[in-house]
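Per TrEMBL, these features apply:
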TRANSMEM  40-58  transmembrane segment
BINDING   Gly46, Ala48, Asn53, Ser300, Asn332, Leu397  Na(+) 1 binding site
BINDING   Val49  Na(+) 2 binding site
TRANSMEM  70-91  transmembrane segment
TRANSMEM  112-139  transmembrane segment
DISULFID  Cys151-Cys160  disulfide bond
TRANSMEM  215-235  transmembrane segment
TRANSMEM  244-264  transmembrane segment
TRANSMEM  297-314  transmembrane segment
TRANSMEM  326-351  transmembrane segment
TRANSMEM  385-406  transmembrane segment
TRANSMEM  427-453  transmembrane segment
TRANSMEM  459-482  transmembrane segment
TRANSMEM  503-524  transmembrane segment
TRANSMEM  536-559  transmembrane segment
COMPBIAS  616-630  compositional bias 'Basic and acidic residues'
REGION    616-651  region 'Disordered'
COMPBIAS  632-651  compositional bias 'Polar residues'
Amino acid sequence: VALKCGGLLLLCESNGAVPGEPVKKDENSRRGNWGNQIEFVLTSVGYAVGLGNVWRFPYLCYRNGGGAFMLPYFIMLVFCGIPLFFLELSFGQFASLGCLGVWRISPMFKGVGYGMMVVSTYIGIYYNVVICIAFYYFFMSMTNLLPWTYCNNPWNTPDCSGVVGQDGTLNTSLANTTSLVTEVVNRTKRTSPSEEYWKYYVLNISDDIGNFGEVHLPILGCLAISWVVVFLCLFRGVKSSGKVVYFTATFPYVVLTILFIRGITLDGAINGIKYYLTPQWEKVLDAKVWGDAASQIFYSLGCAWGGLITMASYNKFHNNCFRDSIIISITNCATSVYAGFVIFSILGFMAHHLNVPVSEVADHGPGLAFVAYPEALTLLPISPLWSLLFFFMLILLGLGTQFCLLETLVTAIVDEIGTDWIIRHKTIITLSVAIVGFLLGIPLTTRAGIYWLLLMDNYAASFSLVIISCIMCVCVMYVYGHRKYFKDVEMMLGFPPPLFFKICWRFISPTIIAFILVFTVIQYKPITYNDYIYPGWSLAIGFAMALSSVICIPIYAIYKVVRSPGATFRERLKNACRADPNWGPALKEHRTGRYAAMTSEDAVEDCPLKEREELKEELKEEQKERKDDISLTIQGSNGSTTTHNNPNPSA
């Protein structure tokens, strides 16, 4: 398209665009970028805001002093959560690489990236099983009467005692007669219809973790649906997932608001909210409360999973990830608090009708999502509608996290191989990872599946994440160097990191991470499921899963030191820790200052003294050969001239 401007005729490339409109293209054309910054923020919010915000935070809040828990929670957010979030976002965005590629910053620590991949693999396997169970409950809610309302089903036991009577009214034996209430509450064998539906119908749970039994086909079918949905949303990478998150990241808030409005209008809802928020200030002095607050912030934000680095790697180089980290972190924590209001308003209503304390109906984990809350839903008018909304919200919350887990693995594989073929056929890698994830999730759909799911949840992504995060902080701040990294961030953002973040990265955040690790070890208790005690061999498998991600770090470090050049161990170690020459911004136009292309002589000067003279001689010979090659040309049959030395054969 020829444009006449100031008397000069300029030729510009339209790429099929309408004349006069700006041509929208990726900054990194080879790897791709987010369509816009909103897509990145929504994806990161969907990643950080997950099922734990609904079923873990409210439980921790009321267990650790109610409103008093908010104080250590927000202190940990400011001094640990936001700084770590900013560190990982800036790390991935600066290099435009996933959780493996970024370790060009110090190749010896690449095992940290492999550890992140292992953790994301474990979480991705069992997380999608939880999503598939939410799918199952969603489909089972498409009925006039929720199947866990009454105790007259084939799977119910004589100990089943429902909240709603067979005539559809409240069971008076549970609500109106004080003596009978006391008797029923004190009966240790009393089980609700929702609990028996969960245990004996949905899970059909076996008596031991080693007794797998048969696969529950409806759950297996829902697992297949979950993986198909995840693949379809990711088959074009961030280009497709970035569009999907407009719905998956925002609609849960619509559902939460609908459930909140409905919840606070119910009898007893205020009692539940009071129970949730009433501060018990004496608990603030308890170290366990601070440990729970730090752990919840750390795990809730998804630090050390590799997902934050991966998502940020698709940002444009000068994107303000400092602003994004604050927005996403605060949104995540505000969602946790908001979800607590929703959950406890419903639980307060349930406690009011049962005439029991809120603590009798409050639960956490799968017990809250698939037992306590479904039972409360049976008390609401048009209960199937509220059930559909609740489980649809769980599905969307889970998918937002699952998208990033899968993309983390795919991006790491594609960046590591890095060939043009693998980049063009990234969809095949995504499909392959999804199929492997589905196959590995099949054992979790058996009768012993819940035992294995909880084992993976408690061990695969627990203290190993803390160790990975701590080593990452130490590597970036002390091995690579805090001054270098602060300059990198300043080059990327246009301003240096605030002094507060510099102090947190170097001192406060690593100290809190170490505190979390010590707290986790001291508070360790062998996992149990209700009355079931896990056998020793299963706990050994759990520890093996936890160590499998951490062990990557020393194994790769030893490998890298052995393979590094140097006459002594000290030289090898120094070379293994030194940043790779390719470390830095991915695009040439951003490699300014000390990242500007070094001459070969500069590269020689960075080598050890003993090798410097030898490399200089090799460099002179290489330059002489290059001049000779350039002078040689071959006259082609079509009259064109071709050189032997073509620096870009694919051009």
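Residue positions begin at 1 at the first shown residue.
Glycine residues also receive a Cβ, built from the backbone N, Cα and C atoms like all the rest.
Just so you know, TrEMBL annotations are computer predictions that nobody has curated.
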Those residues of the chain, 6+ apart, with a Cβ under 8 Å from that of Leu397 (Na(+) 1 binding site): Gly46, Val49, Gly50, Leu51, Asn53, Val54, Pro252
Cβ within 8 Å of the mean position of the Cβ atoms of Gly46, Ala48, Asn53, Ser300, Asn332, Leu397: remaining residues of the chain near Na(+) 1: Val45, Tyr47, Val49, Gly50, Gly52, Leu301, Gly302, Thr335, Ser336, Gly400, Thr401
Candidates 40-58, 112-139, 244-264, 503-524; stretch with most C-beta pairs under 8 Å toward the transmembrane segment (215-235): 112-139
Cα distance (Å, whole number) from Asn332 (Na(+) 1 binding site) to Cys160 (disulfide bond): 38
Maximum Cβ pairs under 8 Å to the transmembrane segment (326-351) - stretch from the list 40-58, 112-139, 385-406, 459-482, 503-524: 40-58
Residue pair Ser300 (Na(+) 1 binding site), Cys151 (disulfide bond) - Cα distance, angstrom, rounded: 37
Residue numbers, six or more beyond the limits of the transmembrane segment (459-482), whose CB comes under 8 Å of its CB atoms: 84, 87-88, 91, 105-106, 109, 112, 115-116, 119, 122-123, 126, 298-299, 303-305, 502, 505-506, 509-510, 513-514, 516-517, 520-521, 527, 542-543, 545-547, 549-550, 553, 577, 579
Cβ neighbours of Cys151 (disulfide bond) where a neighbour is any other Cβ within 10 Å: 21
Intrachain residues whose Cβ lies under 8 Å of the transmembrane segment (503-524), provided they are six or more past its termini: 76, 79-80, 83-84, 87, 287-288, 290-291, 294-295, 298, 462-463, 466-467, 469-470, 473-474, 476-477, 482, 497
Other parts of the chain folded back onto the transmembrane segment (40-58), taken as Cβ under 8 Å at six or more residues beyond its ends: 34, 127, 130, 238, 241-242, 245-246, 248-250, 252, 276, 296, 299-302, 307-308, 311-312, 314-315, 319, 324, 327-329, 331-332, 335-337, 339-340, 343-344, 364-366, 368-369, 393-394, 397-401, 403-404
Candidate ranges 70-91, 244-264, 385-406, 427-453 - greatest C-beta contact count to the transmembrane segment (297-314) (under 8 angstroms): 70-91
Winner by Cβ pairs under 8 Å against the transmembrane segment (385-406), considering only 70-91, 244-264, 427-453: 244-264
